[in-house]
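Novice: Take this structure, written in structure tokens, and hold onto it; I'll ask about it next.
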């Protein structure tokens, strides 16, 4: 019977995110091949959302 306790945490030693070639952030998912910051790998367009700006900025 294995759980999600302290012994299981020692297995979490794989690198998930590496440096992105396009934006330079440490957000490029090596298994998914997609950057969570700029969207590199998923589309040619930059990842950008309306909710990213400050509230009240028009």
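Every residue, even glycine, has its Cβ placed from backbone N, Cα and C.
Pulled the feature table from Swiss-Prot, pasting it below:
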BINDING   20, 23, 35, 38  Zn(2+) binding site
COMPBIAS  1-17  compositional bias 'Polar residues'
REGION    1-26  region 'Disordered'
ZN_FING   20-38  zinc finger
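Looking at the shown structure, can you explain where the listed features end up?
Specialist: A coil conformation is recorded for residue 38 (Zn(2+) binding site) in the three-state DSSP classification, outside any helix or strand.
Across the compositional bias 'Polar residues' (1-17), DSSP assigns 4 helix, 1 strand, 12 coil.
With a cut-off of 8 Å between Cβ atoms, the residues of this chain six or more beyond the region 'Disordered' (1-26) that come close are 35-38, 40.
Within the model, the zinc finger (20-38) shows a mean pLDDT value of 96, rounded to a whole number.
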Novice: Taking every protein chain shown into account, which of the binding-site residues 20, 23, 35, 38 has the largest tally of Cβ atoms within 10 Å of its Cβ?
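Specialist: Top count of Cβ atoms within 10 Å goes to 35.
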